[in-house]
Amino acid sequence: MAVMAPTSSKQPAVGNKADAPDASAFRTPQRRADLRGHRLPVVEFSIFLTANLIAASLAPIQDCDEVFNYWEPSHYLNHGYGLQTWEYSPVYGIRSWAYAGMHSAVIAIGRLLPFVTSKHAEFYFLRAILGLFCALCESQLYSAVAQRINARVAILFLIVMTTSTGTFHAAAAYLPSSFAMYTGMLGCAAFLKKRTAQGVFWFAAGAILGWPFAGALVLPFVAEELLLAYTSGQYLGTLKRLLDGGFRALALLAMQTAIDVYFYKKVLCVPWNIVAYNVFSGSGKGPNIYGTEPWHFYLRNLTLNFNVWLLLALVTAPVLLLHIFFARPSTEDAIRTVTVASPFYLWLAIFTLQPHKEERFMYPAYPFLALNAALSLHLTLSYLGGTSAVIRKIPVQLRLAVAVLFVLAAVDISFLRTVGVITAYSAPLKVYAPLHLPNMSHPGDTVCLGKEWYRFSSSYFLPNGTRAKFIKSNFDGLLPGEFSEATGLGRFPGAWLEPAGMNDENKEDMGKYTHISQCKYLVDSYMPVSSASALEPHFVLDRDNWETLACAPFLDTSRTGTLGRTLWIPDLSFIPERLQRKWVTASSKDRQCLDLAPAYCPDRLRLRQRKNPRARSPDLEKPQNGEAKSKYAMQTPGVWIPSSFKRPAAAPYPNWDLHNTKPLPYRPFRSKYFVTMGLRTMPWDEWIELDSDYPKFHALKAARITERGERCCRTAPEAFDAAIELVEELCAYLPERYPSLYRAIGRGMENLHTGEVFDIVERPMSEDPMQMAARMVQDDLAIMMEGKDGQYYLLAGAILLAGFWRLEDKWRMPLSEIHTSGDVPQFKQKLEKGMMNFFRRIRPEAPMLRNNYFIQVDDKLAWSSAIGDEDKGGVNWGTAGNDRPVEAMHFRSERQSLRRLPRSGGVVFTIRTYFHPITEISQEPYVPGRLAAAVRSWSDDVAHYRGSAVFKEQMLKYLDERHEEQLAEGLVLEKEGEYHQYPY
């Protein structure tokens, strides 16, 4: 729409107020307004939508907060597992499940469509819907601006929004700040159309469901309403409209609170929690602990993302003041225009004053920046289109050319910036693609992230059942944990169960890391100028242990100049060296990469696979996760320097009941067996597992303590302090985890089921501390202490239910001899060195778990009498005979935890046994076929060690028959991964 100007040929001289655009510069002719009415501007909407869908398809994820705080919770809601940040702990509750839930609902609806058939498709489907909603909001604001301000301002707004790199980032981002941007546009449009209550509601929606601080954007509009009420005297009508919007907002807040209470299982107000943490949390907490930036951070960032549009937005205020002073528009027009121009300044001022700054914090202000830029350019063009004596001296064609070239230059710069971002930083969206190839990955596989943790693109890019895990890197803050996947507790228990190791101070929790031996895949990057460190070795160059499956280009910002980092520069030979974007040199082309650049092998984000991942025992001869050995080992063998580490408080076991909580169904066998330690990280809450078998185990242990005494339970003098520390740890942990069974008392702990009182203060103690500990849990217990020779010795134990070995046989033996005396298969070749180094390096803050299993041919939990008399020597499988019926055979599963005690340095084993008839577990889907395959895969030495000659023929025949029955009943082998995950 053309700007209206005076038609008189008699124009005042330069300097007269008539040189400025006249008052009609912010009026839209009624003809155009009537033509538009209130309908959606279809052409403009199509333009907005096209730009946003391009962003949804190509935009890199700018912030790890988007992944961990929004994509991962949605993945949990949609797929039952995901990574969990401390913000989602019910202790803190500063993220709303209502916000994550409405996005998850969109994904759930999308899964009904024929083309949304993978998690990858779900990711882009949600992005497309976000882009669509953003386009609808942009179109509403465009329409309002065209109707109430000026059509040319609306067109310029469209140009800025659809071409700027900032909008490219924000339009389809799954972030509360993007949501606040959407609702801010709807709110502004509503106020421009004189729909006050609706405007208040939309701004409130952005603050409630999105980001509470976005509520500040409504202040200029409320001020306008109050000012107009003052000038017109219509106080009652204004108050009524504002209260109407406020009540709508309260209704939305009530709905959000109800949803959050349902998920968190506690009464809380998430918007208030966000404000309280960010504003009132005090020293050592709050946003500043995540880093601060100088005052000019946003000016630099906005310049990158909006180039000259930012300059125009910043000068809007003086340009408007000049226009109002010279053109004398109506009071209503002047107030409306100043109101629309104010939110950008307000937002920029508020967040410039905050020390902690992030690019996404500006997203809610992007439409207002675009509006300001459009206003400034519109007024400038109106002045250039005027008829003053000075302007008339400039040819019309020249004026038009300058205006067009200015806009084209801004658009071109934005285009080069956007393409530069896409080509430089999209690797995290591409590198996981090979995992989706047939037979490449399987449920239970792990993709590990070290120094690249913050570039993880979410579990939506991993195949079903493949999990992301973290290994230790130089980062020493708090990483996400995992939502609980507990069963039998209703829907979404991970939302309300208190996770272990969370804090709001960004303090590192070592329980968030996994052992690198558990990684089948590893994502890493390598830059020639980077230096390897103990915590961040060059995994990319480790060809002995890893092979490259895929790599994607990633810009080397350390060697690329400012222009190359700012804009897209093609990789052409005639471009001067100092301007070229830098990638890895051609010598890296011999990597097994998916080479995406023909002339260069760019710096890559690499997905690597462990060579023969299931055939290797954990390589523990070298410091794992890249950590220095000295951090783990005692500086002087046998001399432990006490650690200040304190175990995190344990959350109560959800709905635990002594009579109804059944034993967990551990089935830790795979179709192919390998000799390996099989370590994985232990969540602190899960140290000790108790269930409805506790009374039976407790009674059996008590009887064996009475019968066998120190033959089963004893503590060497040099391990006494470690044993005391163990009972202290148990007396602290068990009342926290199982408050309906144990109660903490001043001198120790009381068993509410048996009435036992464990006094751990009196000296001498009423019984051996290991014997006392044995009465507390269902596990067998052992403590290994390091001697002066660097060997670890069994110096304390309560071995009551071991089934196949006796404490008296292993007493005071070093770790290696314990295994060699029992003829553990391939111990010398595959396990010994790694196991010894693991024991030297295990830290108090990094407990581990492993599982094991055996077949037993009788039903005796404590001691398998089939292999001989417990009180005689020479026990072995040879005495068992091979005529045992399958009904007598039992599956014996062990869950072992290993942790170092921080005060004494002793390494504690807990060995919890699960004992079930073979005929019972064979009724479970997939179990008979998988167990039969595992037994058949045993090597000769493993088969001999496990006594397979005694039971193999009868048991395999039975398992095969049960497997065939399950297949005949419709069992689908390809869906096994959906039914169970190791070790279940």
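Note that the numbers count up from 1, one per residue, in the order the chain is shown.
Glycine too: its Cβ is placed from the backbone N, Cα and C atoms.
Taken straight from TrEMBL:
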- 1-11: compositional bias 'Polar residues' (COMPBIAS)
- 1-25: region 'Disordered' (REGION)
- 123-142: transmembrane segment (TRANSMEM)
- 149-168: transmembrane segment (TRANSMEM)
- 199-223: transmembrane segment (TRANSMEM)
- 306-327: transmembrane segment (TRANSMEM)
- 334-353: transmembrane segment (TRANSMEM)
- 365-384: transmembrane segment (TRANSMEM)
- 396-416: transmembrane segment (TRANSMEM)
- 607-633: region 'Disordered' (REGION)
- 616-630: compositional bias 'Basic and acidic residues' (COMPBIAS)
Q) Excluding the flanking five residues on each side, which residues at least 6 beyond the ends of the transmembrane segment (396-416) place their CB within less than 8 Å of a CB in that stretch? A) 159, 163-165, 306-309, 377, 381, 384-385, 567-568
Q: Return yes if the transmembrane segment (199-223) and the transmembrane segment (123-142) have at least 3 CB pairs under 8 Å (sequence gap of 6 or more), otherwise no.
A: no
Q: Residue list, the transmembrane segment (149-168) vs rest of chain: Cβ under 8 Å, 6 or more residues beyond ends.
A: 1-3, 25-28, 32, 44, 47-48, 50-51, 54-55, 59, 138, 141-143, 192, 302, 304-306, 309, 336-337, 340, 362-363, 366-367, 369-371, 373-375, 377-378, 381, 407, 410-411, 414-415, 417-418, 421
**Q.** Same-chain residues at least 6 beyond the ends of the transmembrane segment (365-384) whose Cβ lies under 8 Å from its Cβ atoms
**A.** 3, 5, 19-21, 25, 138, 141, 145, 149-150, 152-154, 156-157, 159-161, 164, 166-167, 170, 181, 184-185, 188, 217, 302, 306, 309-310, 312-316, 319-320, 323, 337, 340-341, 343-344, 347-348, 391, 394, 399, 402-403, 407
